[in-house]
Amino acid sequence: MSHHPDPPATPPASPPVTIPMLQAWRAEGRRIVMVTAYDAAMARLVDPVVDVILVGDSVGNVCLGFDNTLPVSLAMMNHHVEAVARARPRALLVADMPFLTFHLDLPDTIRNAGGFLQRGAAAVKLEGGAARVPVVEALVACEIPVMGHLGLTPQSVNAMGGFKVQGRAVAQARRIVEDAKRLEDAGCFSLVLEGIPAELAARITEALAIPTIGIGAGPHCAGQVLVLHDLLGLLPGRKAKFVRTYVDGYGLLQAGLAAYAEDVRAGRFPGPEESYALPEAVRAALD
């Protein structure tokens, strides 16, 4: 473990990002940048360059070893939201509502979502279409901002038969468009569009006043989101078609770890510069 704690987060130099700011940027045509983060260190890394930080339930398959997001619990999400919030990010902090935390009844849903705001989030994100309208309306009525999520919704992986592009059939495309309009009318301040054809996402973006955030939805959305580990190349193996990897983070980290192991085994680490000297008076007393 480190011999000293992380330094406290420095106060942001620019004002915090707010929901009205995102909506104004959408009207101005300024693209919104959103990434995931799951702890304070990640939040400090991304905060200077992004507009929105999503504490996604993707933490389940990215960090916790699950095959999908379904096993992620409310307690797990609370833990990670608290960790990110401790970094005091300037970016808008959005917390994912995990599976079965907004499906059963409205009082529990409001309590679960409100708990995220009490832990430092500014908004929540939830998956689903028209069936979620009563949930969105109830949350918005309680002053809990909601970001919707349509298209390839990972919590529906079993119903969809896998992680498959949505909206390629006429009826499905029409339903996604209609769901987007209904979620906007219900009070969502933004929508994530995942895994749908680029032209369909463009049509939805044009039809809505609120910003759309794309992931695997082409270049015409009001903003884009990627999992941080994907864009930094921190996960080995096959990537989704929509992922662009900007650096071989996995390779760089492996090289650093290999150099550390080599230095330890060769007796080169730690050296004098990483060691503490014994005061002369103490040495004399011990002799």
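Quick reminder: no glycine exception, Cβ is built from N, Cα and C everywhere.
Look at Swiss-Prot and you will find Glu194 tagged as active site, proton acceptor, backed by sequence analysis. Neighbour list (Glu194 (active site, proton acceptor), Cβ cut-off 8 Å, at least 6 residues apart, same chain): His149, Leu150, Gly151, Leu152, Thr153, Pro154, Gly214, Ile215, Gly216, Ala217. According to its DSSP assignment, Glu194 (active site, proton acceptor) is in a strand.
Mapped onto three states, the DSSP output places Asp57 (Mg(2+) binding site) in coil. When other Cβ atoms within 10 Å of the Cβ of Asp57 (Mg(2+) binding site) are tallied across all protein chains shown, the result is 29. For Asp57, Asp96, Glu127, the entry in Swiss-Prot reads Mg(2+) binding site.
According to Swiss-Prot, the 3-methyl-2-oxobutanoate binding site annotation covers Asp57, Ser58, Asp96, Lys125. In the three-state DSSP classification, Asp96 (Mg(2+) binding site) falls within a strand.
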Next item on the list: Report, in whole Å, the straight Cα-to-Cα distance of Lys125 (3-methyl-2-oxobutanoate binding site) from Asp57 (Mg(2+) binding site).
Entry: 10
Next item on the list: Could you find out if DSSP has Glu127 (Mg(2+) binding site) as helix, strand or coil?
Entry: coil
Check: Inside 8 A of the center formed by the CB atoms of Asp57, Ser58, Asp96, Lys125, which other residues of the chain have their CB, for the recorded 3-methyl-2-oxobutanoate site?
Finding: Thr36, Leu54, Val55, Gly56, Val59, Thr69, Val72, Met77, Ala95, Met97, Pro98
Checklist line | Residue with minimal Cβ packing [other Cβ atoms within 10 Å] among the binding-site residues Lys125, Glu127 | finding: Glu127
Check: To the nearest whole angstrom, what is the C-alpha distance linking Lys125 (3-methyl-2-oxobutanoate binding site) and Asp96 (Mg(2+) binding site)?
Finding: 5
